[in-house]
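Annotation comment: Swiss-Prot describes GLY42, ARG43, SER44, GLY45, SER46, GLY47, LYS48, SER49 as ATP binding site, evidence class sequence analysis. Residues annotated as domain 'ABC transporter' in Swiss-Prot, with sequence analysis given as evidence: 4-231.
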Amino acid sequence: MIDVQHIDHSFTIGKKGRENEVPVLKDVSLSVAKGEIACIVGRSGSGKSTLLNLISGYISPTKGRIVINGTDVTGFNEKEWAQFRLDHFGFIFQSFQLIPGLTTYENVEMPLALKGIKPSERKQKVQDMLKRVGLENHAAHYPNELSGGQQQRVSIARALILNPSIILADEPTGSLDSETEHEVLELIQQLNRERGITFVIITHDDEVASIGHSKFQLHDGVLKGGITVEV
């Protein structure tokens, strides 16, 4: 499903002619199987977000190879990556990333519209998804009318609406209290079991990491190895 092979990534800093390469990831390899929840754990600055951005094609590796769903995506251009993300990925963010001027319904509908699906076909899909995440009675609400947990459920519904095979989640409970965090983690586990979706979650929270089938530890850009855990 996801195969990262000997990835290096560096940032260039300094003025032209006096640039310095700052290594962020160093010879990172990991494999995530179909239907797995994989958690990437590490402190701030360890390279977690960089690795997620590499897997999703927002930045390119300095060295190494990335294969996703059997496709070598390492050399993709921006147009190819945009289509690949639309076809294969859903995203969940700590800050929810909802559009303030759109209702719950419209935020969830947006990926369907971007993919060119007819309005007549979109309605039932959105209604079914809102029911699945427990927000069928909040379709007309705007983000500022929802609690943090409800906003994250909208984000999850939006991530799922195109039936992606992979969900990439960046600190998905970082803005939530402990009770709401538990509810969101339960929802992620249910969706994983029901739909066989692969989740890659980056976190520094042990509670979040505890739901993973495997856990990868990043420390100063070095992957310490995958650990299979009982869930």
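Placement of Cβ uses the backbone N, Cα and C atoms for every residue, glycine included.
Note that the structure is a prediction, hence the values are computed from the model and not measured.
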Packing count at GLY47 (ATP binding site) (other Cβ atoms within 10 Å of its Cβ): 24
Count of other CB atoms lying within 10 Å of the CB belonging to GLY42 (ATP binding site): 22
Candidate with sparsest Cβ neighbourhood (10 Å radius) among ARG43, LYS48, the listed binding-site residues: ARG43
Binding-site residues listed as SER44, SER46, SER49, least Cβ neighbours within 10 Å: SER44
Other CB atoms within 10 A, centred on GLY45 (ATP binding site): 12
For GLY45 (ATP binding site), the three-state class that DSSP assigns: coil
